Each structure stands twice: as C-alpha cells, then as structure tokens.
Amino acid sequence: MAGWFPLRATDPRVQTIADPLSQATPAPLDSIGIVGGGQLAWMLAEAARDLGVALHVQTPGAEDPATRAAASVVLAPVDDVNATRELAGRCGAISFENEWIPLEDLRGLEGPGLRFLPDLDALQPLVSKAGQRRLLGDLHLPAPRWCPLADVLQPELPLSPGGDTDGLPPAGPPSPLQAPAVPRLPDGFRFPLMAKASRGGYDGRGTVPVADLGELEQLLDRVEPDDWILEELVAFERELAIVACRDRQGQVACYPLVQTHQHRRVCDWVLFPAPVDHRVEVFARNVAASLLTALDYVGVLSIEFFYGPSGLQVNELAPRTHNSGHLTIEACRTSQFAQQVRIVAGLPMGATEAVVPGALMVNLLAPEAGDDDQLARRRALEALPDAHLHWYGKRGGGVGRKLGHLTLLLQGRTAEKRELERQRLLAEVRAIWPLPHQPA
C-alpha cells in the first residue's frame, strides 16, 4: 500500500475524529424545517416523526414525497425566500434537502430565533463544483486535477489590417479586432477529460465526457464556459462513499465506508462494507473529519471518492443526506436521516456503527414507457428474504428517475462471501425490476 495515499492519517493537515457525545448538547427543538420535498425530505420526515420532532417542509408540489409525512407544508419553490421566511416562523432551525439554494438571499433570515444548519458560510464553498475543488485544494486534500472550462479559451494574436498575421506581430498599429478564441488545454491536461456543470448536476446530468478537441469545441458551443469545470479522467478500480456528521459541539462521527456502482452515471447499487483495506477507510474518515472541522460544518456531509492507482481521491461533496447512505436505515444503529434530524434539533448524535454484517442497496429506476406492472414488481421485491422496500410515491417523471430503493441485508462474514451474495441478490432484483435501457 506504500505510496497509495497522498496524505497519511497522521498528517497534521488531516483532522482526526474526536470522541462523539463527549459534550453536553443544547436544549433540543421540538420542530425543525426542511427546504425541499423529495425523497430525502420524506425520509427525514419519517425519521423526525419517530423521534417526536415535528418537521415542516417547503416544496412546490402538493404531492411531493415529503408532504405525506411532514407536520406542515409551505407550498412554494425551494428558492422562494419569502416562503422560507414563512417556514422559519414554524421552527427554530432549518436545513436543506439539496444544495440548490439562494444562499445570499437567505442571509437576511438568519438571526437569534433561526439557524440554518449547516450554516450558510459552511455551505458557501459546497454549492458549486468549482467551490468544492478550491476548498479541497486549500486543505491539500486529494482530488482530480481540474480547471474552469473557461480556461481553455485562449485568444489568438490581434488581427492585422490585412488579416492573417502568420504568427508575427502586426506591422501597423494594433487592431481592436481579435481573432476568435480557440480551445487550448492548460498545461498538464490531456484528453480524455470530463466536463461538469459547476451547479445543479446530479444523477448523471451535467456531466459530459470529452474525448478530443472536436468534442470540446462542440461542448463550448452548447454551454456557458464560466458555469462548467473540466477535470482529468481518473482511472479507478472502485467508487467509494462515506457519510459523515458533526454536531453543534464539534463532535464528528462517520458511517462505514461503502462501495457505489453507477449505471450510465446514475447510482445503480451500493454495497456495505466497502471491500477495501481498513487503512483506506481510516483515510476516508480523516478526510471527512478535516472537511467538517475546517468548515465548522454542522449536519450530515456525504463524500464520493475514486479509488485506484492514484490512491483515494475526492470526487464530489454533498452537503446533505445521500443516496449512498440509504442503507443506514436498516444497517446501522442510527440512520443518516435520524442523525440529521438529531443534529438540527439539537439532540445528541446517535451511534453510527453497523448492526448487520453487510447490506446491499439497489435503486429502482423508472422503466420504459408502457411498463405499468410496477405494483406486482414491488410485491415480488418485498417477498425477497431480508428485503426492505422504500417506495417514494413520486408522480410522473421520465425513464431512469429514482422511484424507490430496496435494501437487502447480507449474512456473509467475509468480503468474498458478501460479494457472492451481492451477485446473487442483484441478479434476483434485476430479474424482477430491470434497469431501463434508455438513458436517464
């Protein structure tokens, strides 16, 4: 394993995880708010109800998943600040289902009677991929080489009055005209590359592989370069993820490291525990603790990693509960959703250790049009041994949309046995609920 870790767990730049629950917590709140009403907010509302905490949501649709379990609903778009002000009147702390929020507009709502958790300063560098990359660089944490997409546009020499300069300075006075900018990779970059929308991309949306100069030029014709970043394409053996959390007293805890698998850049399945050396998990936990501590972050933070010949590298950060942590509902002492509710409400953090040898979470993606036998398929999934179905109750949506997930508990005590279980169970699930052939 020598040379596989850009930083060691003992490196002074990497924070270690403090003992959780060692300090007293403030008086808890009996009600909290969530901006957003999708499946993450629904699972937060379910967890809040079990904890005796009233959870109020702000969401645009009366039939959005979270409306079924919320204590009350403010029907409004998630970027409607006046609606968030109304939500604030119903609770003492507000959190977010996702990071697509008008940060600067929300600052006027902060005050002694209301806290945003995570707070807006902690969220600021996390709401864009460019901000995340700068943060990782500032903390010297491992991540793929990147640049703003706009950096590939290099102006040519000024045009002479006669047209072509042949690469020489113009003979007469400089012309105000400039030749069109042409794509040119910054030093150290080589094709193939990956382009990503800096804001708003998810489930494979907002990511574009770029194989050569021609594809780069096509991308530049379609997008605003200032709103995208360009990254080196990482050769990896596995994709991993970890869900970490930090409470109001600064105590940090992490859930077990998991392996994720993508289908057309959308999460297909998640396996716990990740089949990697324990030192990889230690390093991932310390990276998480470094980020949480540096940001003074309060709440749940999810980190996606690449793992391969270059070691462990951070792919993306999600300042919220995450698809990779759904299996914590059945597999861990405290789910990621209950943990977020506990932290925002000021309750003590719950234990994060696993209560089963392993688990497999499979996303259930919307099938092609014409497949209307979903109820029978759901019943067949529920009949599988040690299976736990979570159906989001979404209305409409296109092919590939996440409609629910299934968690299956594993019994194998070794990585090899769990891998055999994973293969067998995944085949059974896909025989009942196939992956859609069309892209999401």
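Glycine is no exception: its Cβ is also placed from the backbone N, Cα and C atoms.
TrEMBL has this to say about the protein:
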BINDING   K129, K196, E231, E232, L233, V234, E239, N315, E316  ATP binding site
DOMAIN    133-345  domain 'ATP-grasp'
REGION    157-181  region 'Disordered'
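Sequence features annotated in TrEMBL and their locations in the structure.
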residue : record           : Cβ within 10 Å
K129    : ATP binding site : 23
E231    : ATP binding site : 20
L233    : ATP binding site : 14
E239    : ATP binding site : 21
E316    : ATP binding site : 18
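Mean pLDDT for the domain 'ATP-grasp' (133-345) in the predicted structure: 90.
DSSP classifies E239 (ATP binding site) as strand under the three-state reduction. Under the DSSP three-state reduction, E231 (ATP binding site) is assigned to strand.
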